[in-house]
Amino acid sequence: MSDDGHDGDGDHGRGGDHGRGSDHGRNDRRGDRRYGRGTDGGAGGGRNRSAGHPPSRGRKPQGARSGQQRGRGAGTGGGQQRHSADPARQVAYDVLRAVTDEDAYANLVLPERLRDRRVGGRDAAFATELAYGTLRWQGTYDRIVGACVDRALSELDPPVLDALRLGTHQLLALRVPPHAAVSTTVDLVRRRISEGAGRFVNAVLRKVERHDLDGWTAELAPTRDDDLAGYVAFRHGHPAWIVRAFRDALGPEADGDALEACLRANNEPAPVALAVRPGRGEVSELLDAGAEPARWSPIGATLTSGDPGRLAAVRSGRAGVQDEGSQLVTLALAAVPVDGPDERWLDMCAGPGGKAAVLGGLVGGQGGRLLAVEQHVHRARLVEQALSGDPSEHEVLVADATEGPWPDEDFDRVLLDAPCSGLGALRRRPEARWRRTPADVGELRPLQAALLLEAARSVRPGGVVAYVTCTPHLAETATIVDDVLRKRDDMERIDARPYLPGVPDLGDGPDVQLWPHVHGTDAMYLALLRRTG
Ligand SMILES: C[S@@+](CC[C@H](N)C(=O)[O-])C[C@H]1O[C@@H](n2cnc3c(N)ncnc32)[C@H](O)[C@@H]1O
């Protein structure tokens with residue numbers, strides 16, 4: 001797991017539960033069998049061709065599948081299932097089931113399931129592509145599956161729907177031969193659910209197979225000219241409201257191609273970015289261990305293969321996993337000149353502590369101290385861990401930072417890495433785009449504004465505040481800053497761009513918006529504000 005708050009810790013918002021989503025309750029519908037009532041009729045007349053499948057990876061001899069009704073085995077891969085010859089698909093299906101039924105986070109569940117089923121190497125890579133790809137494209141696949149069945153998707157048994165999504169991904173996005181995509185999915189459904197469900201899935205996937213993604217786009221999506229957001233939402237597997245938010249944030253000059261490039265980047269795996277903790281580690285150590293230099297961050301490196309946990313620097317806490325965008329915005333705050341003392345730094349929303357670990361080292365290097373505040377105890381513990389071994393003076397405080405228990409004007413620099421929708425880190429959270437809603441953004445706004453007002457109260461005249469989010473949504477970024485500046489005429493925006501030296505394409509300023517398709521980072525937003533009086 002990353003130690004960066006934006007890198008897949010599963011919570012960009014209010015510090016919820018780890019390992020499963022807590023923000024959107026789901027009905028547990030296990031055991032509710034609503035796929036085709038014992039036949040394949042629900043698919044609208046598809047033939048049951050399962051008996052005629054060509055041999056493919058993962059098929060067992062017929063005799064191994066006696067007693068097909070697997071009862072509760074349709075769940076998330078409990079221990080009773082028989083060993084399968086197709087471990088990658090089993091793992092991917094386990095992950096989809098956990099995400100659907102338990103609101104789990106795929107990036108946390110996948111490594112567990114790979115370990116449980118002892119899947120490694122190329123199978124692990126294939127399982128990851130299957131699970132992450134299926135989750136990313138879920139909305140598009142649901143539209144396609146919906147066009148191939150004669151009932152509402154909500155009437156399908158969730159384990160069956162997950163299997164249909166998995167089969168659809170193989171048919172439309174991977175180079176799996178169609179017969180193998182269908183037969184392996186049907187085989188999996190027979191083992192994990194029932195013969196009847198297998199027939200149903202067979203019939204539906206035979207219909208999905210009729211078109212490729214372009215064909216389905218032509219059939220189901222609006223045209224690009226009529227409705228750009230609707231078209232690219234379907235074509236790139238995003239909800240339309242998120243597409244519109246990205247389009248607004250990209251700005252009026254950005255054309256449809258830029259929007260599509262941005263969405264395409266959200267569908268690519270993020271690189272494993274590392275940062276050394278100032279005062280504790282050296283980039284050279286990461287490079288000696290096989291990492292490559294980061295493009296711009298002087299404390300960064302990129303691991304092109306392998307597990308970061310194997311690096312001694314990471315294991316010892318001299319370095320951590322942290323998106324390069326997170327590094328750049330943190331370093332920018334530290335680089336702005338301030339007149340007078342520069343000894344007291346505040347990180348208002350510190351959990352799990354990636355940026356605090358960088359700030360602690362930097363302020364410690366000049367003899368100052370860091371106060372790291374986090375509202376949730378379990379996340380405050382992670383901040384402690386991130387800062388443990390840091391020789392500088394620091395304190396971790398569990399508190400609500402909207403009501404900080406410190407005097408006015410107490411700090412020279414303040415980082416507000418605000419709880420946000422996390423739409424800038426969709427690369428890392430494959431299911432997140434379908435869980436988030438516009439209402440989440442609306443709910444976060446008052447908290448973001450209250451925290452920024454508190455940051456303004458906390459910084460001394462001449463001191464500087466960094467307002468950071470891992471979302472480009474304008475309702476969480478520039479408009480929050482605008483609102484607060486209207487209330488605080490003793491705060492002014494600073495042009496942030498010079499404090500990200502060498503980073504190209506930073507727009508017209510004064511705020512900075514990084515982009516996955518332009519900078520290869522998460523879509524981090526940074527506004528720098530100086531207190532003038
Ligand atoms: C985006 S994350 C911060 C990531 C962190 N800066 C890092 O780099 O690791 C936002 C954090 O703010 C915390 N938080 C939310 N509301 C808060 C509040 N009112 N006071 C303090 N912390 C809060 C959340 O629990 C979450 O850990």
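A Cβ is built for glycine as well, from the same backbone N, Cα and C atoms used for every other residue.
Feature annotation from TrEMBL assigns compositional bias 'Basic and acidic residues' to 1-37.
The annotation region 'Disordered' is assigned in TrEMBL to 1-88.
Under the heading compositional bias 'Gly residues', TrEMBL lists 38-47 (among others).
Annotated compositional bias 'Gly residues' per TrEMBL: 70-80 (among others), in sequence order.
Per TrEMBL, the feature domain 'SAM-dependent MTase RsmB/NOP-type' maps to 246-532.
TrEMBL lists Cys349, Ala350, Gly351, Pro352, Gly353, Gly354, Lys355, Glu374, Asp400, Asp417 with the feature S-adenosyl-L-methionine binding site. Reduced to three states, the DSSP call for Gly353 (S-adenosyl-L-methionine binding site) is coil.
TrEMBL lists Cys470 with the feature active site, nucleophile. Cβ contacts within 10 Å of Cys470 (active site, nucleophile), excluding its own Cβ and spanning all protein chains shown: 30.
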Taking the Cα atoms as reference points, how far is Cys470 (active site, nucleophile) from Lys355 (S-adenosyl-L-methionine binding site) in Å?
13
Within the predicted model, mean pLDDT of the domain 'SAM-dependent MTase RsmB/NOP-type' (246-532):
97
